[in-house]
Amino acid sequence: MTPNTEDGAEPPHIVVLDGGFSTQLSCHVGHVIDGDPLWSARFLHTHPNEVVNTHLDFLRAGAHLIITNTYQASVDGFVEHLGVTADQAYELMLRAVELAKRARSLYLEEYEDCIQDDHVPLVVGSVGPYGAHLHDGSEYDGSYADTTSVQTMRDWHRPRIQALVEAGVDLLALETIPCQEEAEMLCDLLREFPNVKAWLAFSCKDNQSIAHGESFQKVAKKCWEANPDQLVAVGVNCCAPSYVSTLLKGINDDRPQSPIPLIVYPNSGEKYNPQIGWIDRDKCEAVEVFIQEWLDLGVRYVGGCCRTYAADVSRIRNQVHCWRDRWRFQAKYQANLNSNKNTVD
C-alpha cells in the first residue's frame, strides 16, 4: 500500500496509520501500562485477546494498517522481565505478528462485503529504538548512543527484525529513533533482509532537531539516500504536532522530481511526567487540526502516536477525505480556468 504518483485528475492516495497502541490498549485492560519496563509488550504474554481487540479498534476506526505491539519488545527484555527462555521470548515476538494478523482476519470477516482486494490492511512490524529497553529515559534524548557501540545496537536489533520478518509482516516501522548513528545502522541492517521494506521515523526534541540534537532534515536525507530501495518513507513520530510543519518545510525543495515520501504520526501534544503521567492535555490542539496542512507539505502517511485513540484515527481519516475532496475541487477549478483561457486565446 504505497501512495501513488500525483499525476492525473485524482488526488494522491494517503495511507492512514493507527494510533497509540498502549493508549488504546488501556481501554481494554485494568492495569497500569506506562512505566512498565516492557511497556505494552507485556500484554502479548498476559492479555493476547486484548491486544487483538486493540488492533481491531484501529481497523474499525479506518486505519489502513496496524502496527505490531513490539515497540519495546526484545528477546533480552522478555527473558529478564517475564522469566521466559530465549526461545520462548522469540516466540512472543512471532506471536505479536500473529495477533495482528488475527485482528486483520476478524476485520475482513466483519466487512467482507465492503473491502476490495487492494484495500486489505497491512500488518507493520514495530521496531523501536535500542534505548527503550534500557528503561532509563535515554530513549527520549538518544544519550545511549554516546556510550553504546553501533555493533551492540545492531546485534540487539537483528533478532527482533528477524522475528518480525519471519512471521510475515508486510512492512517494518523503524520508529521513534532519536539518534543518527542508530538510524544509519538500521538502514544498513535492512540490507540483510532484502525482501522487506520499511519506513523510518525520528523522535524530535524541537522543530529542527532529532532528540539527540542532529538536524532532522540532514539526517533524514542522508538515511533516505543510503537505502532508497527499501525505505518507503521518512519522517517523524511521537513528537509534538506543533513541531511537524517546520521540521518538514523545504525538505524536498532540492529534489522536485524525486521527493522523499514523508510520514508523520505525532503524539497528542501532551507531556509525560514520570512521576504523575501525562499532563497538559487541555493545552493541546487536536492532531486532526494539523492534518491538511501536513498533506499540503507532501505527507503521504499520517496517523497518531502516544495518547491518540481510535477515535482520533477516525478524525484523522475524515480530514484526509476532506483534503482529497479539496484537491479534486482545486484541480477541476484550475482545469476550467485553463480551458477558458485557451478559448479566449
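Note: Cβ is positioned from N, Cα and C throughout, glycine not excepted.
Features of the protein shown, as given by TrEMBL:
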- C238, C305, C306: Zn(2+) binding site (BINDING)
- 3-320: domain 'Hcy-binding' (DOMAIN)
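C238 (Zn(2+) binding site) has a Cβ environment of 24 other Cβ atoms inside 10 Å. With every protein chain in view, the residue among the binding-site residues C305, C306 whose Cβ has the most Cβ partners within 10 Å turns out to be C305. The residues near the Zn(2+) site, meaning same-chain residues not in C238, C305, C306 whose C-beta sits within 8 angstroms of the mean position of the site's C-beta atoms, are G20, T176, N237, C239, Y265, P266, N267, G304, R307, T308, in sequence order. For the domain 'Hcy-binding' (3-320), the predicted model reports an average pLDDT of 93.
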